[in-house]
Each structure stands twice: as C-alpha cells, then as structure tokens.
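As structure tokens, the structure follows; a few thoughts come after it.
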Amino acid sequence: MDPAINKKIAEQKARIERDAKAARDRKDLDDEMTDKRLLKILQTRRDLLHAKKISEEELHKIACNYSRGSGEYRIVDTIRAGELFGPNAADARKQMKKLMSQLDERIADKSKAVVRTAIYAHLEILRIHIFDDSNGKTARLFLNLILLQNAFEPIVIDRTMRHEYEKNLSNATIVSGERQTAGIDTPDPEPLYTMLENIIQSGGAGTSKSTTD
C-alpha cells in the first residue's frame with residue numbers, strides 16, 4: 001500500500017482513539033460530578049439517614065431528580081445487544097423484595113460486616129436492574145446510605161478509577177469472555193469487593209477528595 005495512504009490511515013486511527021479517550025474522560029468526569037451532587041443531597045436527608053428501613057424507590061427519585069416515573073419499578077424486560085439483561089420484570093420484582101428483606105435483617109444484625117453488606121446491596125441492585133434507568137446512581141446512593149448510617153465515610157469513585165470500577169462491576173454481574181474461555185460460567189465479584197472495601201476501609205482514600213466540600 002502507498003506509504004502516504006498508510007500514514008493517512010494511521011493519523012485517522014490516532015484521531016479516532018484520541019476522540020474516544022476524550023469522550024470517556026468527559027463521561028467519567030460527568031459521572032463523578034453527578035455522584036458527588038447526589039451524595040450531598042443524600043447527606044441532607046435526615047429522614048433517610050435515620051430510617052430503620054431503606055427505600056430504594058426514594059433513592060431512585062433522588063438519582064432521577066424526582067422526574068416523572070422515578071421511583072417506579074420497571075414493567076418491561078431490559079434488552080442489551082439483543083439479549084435479556086438481568087431478570088425479567090416479574091422476577092426482578094420478586095428478587096428485589098427478597099433483597100430488601102435480606103438487607104433489613106443484615107443491617108439490623110450489627111454483627112454482620114457492614115461494608116460487605118453495603119457493597120452487596122450496591123451489586124445486587126445493579127444485577128437485578130429493577131428500574132428502567134439510573135440503576136447505577138441508585139446503587140451507589142444505596143451503598144453510601146448504608147455506610148453513613150453505620151458511621152463510615154461515604155465514597156465517590158474518582159474519575160481516574162472509573163475504568164477499573166466499571167470493569168470490576170461488569171465482571172461481577174456477567175460472565176466475562178475470559179471466564180467463558182476458561183469454562184467458568186459464574187461472574188467474579190471479588191475484585192469489586194476488594195476494590196471498594198479497600199477504598200471504604202481507608203476512609204475514602206482514592207475517591208474524589210471534594211465529596212464534602
């Protein structure tokens with residue numbers, strides 16, 4: 001192939017990669033700032049901070065800025081890339097009811113590991129995908145509410161750690177290609193647990209430093 005054409009192709013590829021990285025960086029920053037804003041709202045909600053039972057519907061309303069339809073469970077299945085993502089709508093409701101019952105028991109039992117309970121709640125909400133959208137923001141609010149109720153510092157995933165967080169989250173909710181190749185048919189949540197446990201136990205070190213500015 002003509003060297004000039006090769007050079008042009010290489011330049012176009014480099015430009016596409018730069019644009020893609022810039023777009024990812026903007027999204028990571030937007031996600032961080034959104035989570036930071038939602039956390040500040042949560043910290044003012046004394047009714048939620050002192051509630052004996054957590055309301056996933058109310059957290060979803062906060063995540064969605066109380067927009068129309070917020071706080072309502074989905075009534076249709078979620079399809080991604082042509083495949084069902086998460087349980088169907090009917091099963092999602094059953095699984096969410098079971099999860100909330102489990103959490104009530106685990107949170108009430110102070111001998112249980114609070115941090116792992118918070119991470120478990122966050123992960124299960126994302127896996128069940130009970131709302132049409134904003135499940136991620138709701139899950140992170142859920143995690144922080146449990147932490148705040150138990151005297152732990154809340155966290156906001158820093159933009160520089162978003163890629164690792166999302167990778168670990170994906171591996172925790174679906175069977176990755178590597179695990180499929182290895183003949184493993186279950187997700188691997190431990191890297192996500194380890195990452196978030198380390199951040200939480202270090203008092204939020206490694207997360208955005210301006211969460212309480």
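Heads up, the Cβ atoms here are built off N, Cα and C, so glycines get one too.
Among the residue ranges 1-28, 169-196, the one that TrEMBL annotates as region 'Disordered' is 1-28.
Distant neighbours of the region 'Disordered' (1-28): 159-160, 162-163; these residues of the same chain sit at least 6 beyond its ends, with a Cβ under 8 Å from one of its Cβ atoms.
Within 10 Å of the Cβ of A139 (ATP binding site) there are 26 other Cβ atoms, across all protein chains.
By a simple count of nearby Cβ atoms, those within 10 Å, the most crowded of the binding-site residues S134, N135, T138 is T138. Considering other CB atoms within 10 Å as the measure, the emptiest surroundings among the binding-site residues K137, R140 are those of K137. Around D133 (ATP binding site), taking its Cβ as the centre, 16 other Cβ atoms fall within 10 Å, counting all chains.
Other than the site residues D133, S134, N135, G136, K137, T138, A139, R140, same-chain residues with C-beta atoms no more than 8 angstroms from the centre of those residues' C-beta atoms, the ATP site, are H60, A63, I125, L126, F131, L141.
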